[in-house]
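Database features, via TrEMBL:
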REGION    382-401  region 'Disordered'
DOMAIN    538-573  domain 'EF-hand'
DOMAIN    621-656  domain 'EF-hand'
DOMAIN    661-696  domain 'EF-hand'
Amino acid sequence: MGCGTSVTDIRVKKSERAIKAAILIQRWYRSYVARMEMRRRYALSIFQSIEYADEQAQMQLSSFFTFMLDHFTHPNEPDPDTISHFVSSTTDNSISDSDLMMEEYERTIEIPDSYYGPHLCFPLTVADTNALLQAFKYRQQLHARYVLQLLHETKKVLQQMPNITQLSTSYVKEITICGDLHGKLDDLLLIFYKNGLPSEENPYIFNGDFVDRGKNSVEILIILFAFLVVYPNHFHLNRGNHEDHIMNLRYGFTKEVMNKYRSYGKKILRLLQDVYSWLPLAAIVDSKVLILHGGISDTTDLNFLNTFQRNKLKTLLKPLKSKTETNHKPQGPTLIEECSTLKEVKKCLSRQDITKSSSASSERKQNSTVVADAKKLVSLADRTSSAEEQKSSVTTPCTSPELKTKEWKQVIDILWSDPKHQNGCTPNKYRGGGCCFGPDVTARWLKKYNLKMLIRSHECKQEGYEISHNGKVITIFSASNYYEEGSNRGAYIKLNPDLIPRFFQYQVNKGTRKKTIRQRVSTVELSALKSLREKLYTHKSELIEAFRQHDPNDTGNISPSQWASAMESVLHLDLPWRTLRSRLVQLAKNGNVEYLSSFDDLEIELPIKEVQPSLVETLCRYKADLEIIFNMIDKDHSGLISIDEFRQTWKLFNLHLKIDVDDDSIDSLARSIDFNKDGNIDFNEFLEAFHVVHKLESRNTK
């Protein structure tokens, strides 16, 4: 009897110990997963903050890029196929008969016998879309003649569509809604594999941002446009903020087109501008669910958006000025505001450069190149001044007479805005365009138009989707691994007649499945921190100055709060700096931050040792912007530009941003990087040389 009780007690105790062990293991695992999740989330926030800061810079420089496109891309050359024309809008009357144009392409663009890609027959059929999908799976390329013909057919279809498409679920079981793809062809193919190809029984809506960032934007556009032409009533495309030729200059699509289609690239890009402008702005399902790319503001007017002429909006990055804004300019103008015509640029450059030639005789020789460059730009201004004088005094390169401010504001809000958790509607300071709208704005706005829900895209979400504003706003994002392998899932929505959304997640996996959670998170985290460190280095001088304001005795140490404050004051990334400090800097024994250690593992490998460090930092910071500018100048996309073009463009860029780099440094740099002394600069090699190197990584690689 006693023995039996003893055995029972032992079993109970063993069971209790097992339960306690299981609970401890469960707690540890939950804590472990929570830590991994926190690390993945802050890595994602780093990527997003850098991305939004980059978009903000794009918006701020849009006036400069527009100015360059309008006036400084070979304006003295009569060739109609220069870059200044491939980024200028094609008027709707320029192609009076699309059928004749299709025949013209067949007559003038020959397809060689060596071409092994897919062949298209217009009007397109399902067989053509299947051929395209099969060809792109095997990395084949569609011939330029077919691309141009497809773009013409797409434009014809889009011209028949309203600004806001009205859709119904009464004839189909469900409608599939996809978000941003950003050139990720594998995601599109996976969606079609999981969800079925588009058809009359399986309609789709793709909600903008088809291009940029990824390597296969061309193929994605071709597939989407082909299905649109075959199923115009069951396949729908909304415009995103990246369906814009100036955005494409910065984020890779223009370069992709020129690399893949070379001699026909400019014609394709010129026609694409028109296609972009005809894309519908939104769709409404069953009069209850609004689908658009970005979001809304408290002034968004659906009735107005449905009636204005949308194809006038070739780009949203062209700043608008009313008559009063043109006549009464704000203080502290930029180059574009101060020198809105080439005649005024002539005065600006004359003031900045030519007056320098009156310095001491010992400096005259060095300044001669500066004077020559200024005279060349003055000559350029003279050649164009007569045309400028014929324009209205109100119309500037930044002003479109057709485009009204209200139209521009309405569209930029729906393409660039983001939801926020707090109430109210405020300017979107993170992206530089659109607004941030709160749940109260959403509720009032949906009630006003008798809508149930807003489905939007525009933001990368870790799980591929996010529900906010009490279930009234859904964000859908379809590009998995957007920032880095394993950084996020993609997703799409299926909407049934009851308007209840169902979410389907996926991730294009190459090596991700084989990795543990820790390995996957570490890959994403290290990539995010690498990008952040590079950004720190490009602002090194400003950061050190900000740190030393808190360190008057030059000890090299400041408190964590002071370090975090200095970081945010310079970088404006809105990141949890105190949380990140252990990954970015070394800590002293007293807990203070050794702020110079932020740059310990970073350096720039210079091909030219004579270049001033301050100029190197500037070149690294504005590397993406310089690449855009020099791609505009590089007419044949050979990668070579003349030294004169290098000097002239840098001086304009310098004037616009008010960068503190003297002209002699630029002239010296230009001469130094002309390695073979032929008067040309290999700009691609030059840009590659001025990038941040992680010393530890470099040593490990070697």
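Keep in mind that glycine also has a Cβ here, set from the backbone N, Cα and C atoms.
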Handout entry: Same-chain residue ranges lying at least 6 outside the domain 'EF-hand' (538-573) that approach it to Cβ under 8 Å
Key = 46, 49-50, 53, 581, 585, 588, 590-596, 598-599, 614, 617, 620-621, 692
Practice task
Calculate the per-residue pLDDT averaged over the domain 'EF-hand' (661-696) and state the result as an integer.
Solution key: 66
Practice task
Could you give me the DSSP helix, strand and coil counts for the domain 'EF-hand' (538-573)?
Solution key: 23 helix, 2 strand, 11 coil
